[in-house]
Amino acid sequence: METELDDERDGEVVVVGGGVIGLTTAVVLAERGRRVRLWTREPAERTTSVVAGGLWWPYRIEPVALAQAWALRSLDVYEELAARPGQTGVRMLEGVLGETGLDEVDGWAAARLPGLRAASAAEYAGTGLWARLPLIDMSTHLPWLRERLLAAGGTVEDRAVTDLAEADAPVVVNCTGLGARELVPDPAVRPVRGQLVVVENPGIHNWLVAADADSGETTYFLPQPGRLLLGGTAEEDAWSTEPDPEVAAAIVRRCAALRPEIAGARVLAHLVGLRPARDAVRLERGTLPDGRRLVHNYGHGGAGVTVAWGCAQEAARLAS
């Protein structure tokens with residue numbers, strides 16, 4: 001009887017962290033037959049992930065080569081999920097990657113992106129690429145991930161932890177994002193503040209992302225169901241989650257310079273999220289003080305959505 005109980009517990013995993021990385025990792029583990037409990041400090045709709053613009057594209061993530069591989073694995077999944085956009089929140093949508101040339105994607109993504117081409121002058125004034133990429137509506141996708149986890153036999157518990165050793169399972173997976181700074185502790189994890197403005201969509205159907213080489217600012221607009229997301233900012237080591245009115249006005253001005261109709265769009269909301277940046281994603285196996293297996297999966301910067309499935313698959317491998 002004890003042997004049967006031990007065998008059953010050997011299949012148990014506690015995933016700590018309920019953002020897109022934690023949820024996706026929990027789903028992959030549960031669908032591979034593990035008994036998964038997800039512990040989350042706050043509901044998914046209050047995590048940093050819900051503030052994400054949701055465009056699939058590696059942004060502020062290292063190491064680049066691994067991030068690209070994880071992104072391509074995630075692309076495979078998102079392309080499948082886009083067949084059910086109303087349920088999953090995933091759509092394949094065309095738009096412009098501004099200030100990006102074909103040579104920058106030829107080595108890793110060009111073969112996987114049908115229709116990738118140089119943007120025309122009418123589509124973008126500078127050098128840019130016209131691409132069809134996954135755009136994920138996080139307000140739909142996160143609840144869908146939760147339901148998929150529950151359907152696979154997993155459970156979700158609202159629970160804050162101060163020590164990873166509190167997790168009572170043979171395997172613990174740490175997907176705490178910025179929380180890893182204190183929980184591990186890992187001082188290499190730091191916030192990169194992002195602010196967005198949500199407006200009524202004045203009729204824009206394609207996304208655009210453009211980085212200014214001089215200022216380092218990234219300007220983007222992303223059409224999501226019922227709204228248009230405008231961005232963005234990347235403030236290093238900034239902890240405030242209060243929207244800055246001056247920053248918001250500057251975001252609207254930059255977006256309106258590209259599409260004038262944005263200037264008069266009614267503002268619906270202001271959002272702020274703290275990206276969990278690190279000099280390199282930490283995706284590796286370790287041990288807790290009592291010898292139990294610990295898998296770290298955090299530090300994805302501004303690309304958590306982009307690499308979620310690839311990193312989840314690797315984390316599941318490390319947990320086995």
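Every residue gets a Cβ built from N, Cα and C, even glycine.
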**Prompt:** For the D-proline site that Swiss-Prot assigns to Tyr220, Gly302, which of Arg190, Arg193, Arg253, Arg275 is also named?
**Reply:** Arg275
**Item:** List of residues, in chain order, with Cβ under 8 A from that of Tyr220 (D-serine binding site) and at least 6 apart
**Value:** Gly53, Leu55, Trp207, Leu208, Val209, Ala210, Leu229, Leu230, Gly231, Gly232, Cys255
**Asked** Across all chains shown, how many C-beta atoms besides its own are within 10 angstroms of the C-beta of Arg275 (FAD binding site)?
**Response** 26
**Request:** Taking the recorded D-serine site as Tyr220, Arg275, Gly302, identify the other residues of that chain whose CB atom sits within 8 Å of the mean position of the site's CB atoms, giving them in sequence order.
**Result:** Ala52, Gly53, Tyr59, Arg60, Val192, Gly194, Thr218, Gly231, Gly232, Ala234, Gly301, Ala303
**Asked** Counting Cβ atoms within 10 Å across all protein chains shown, which of the binding-site residues Ile21, Leu55 comes out on top?
**Response** Ile21
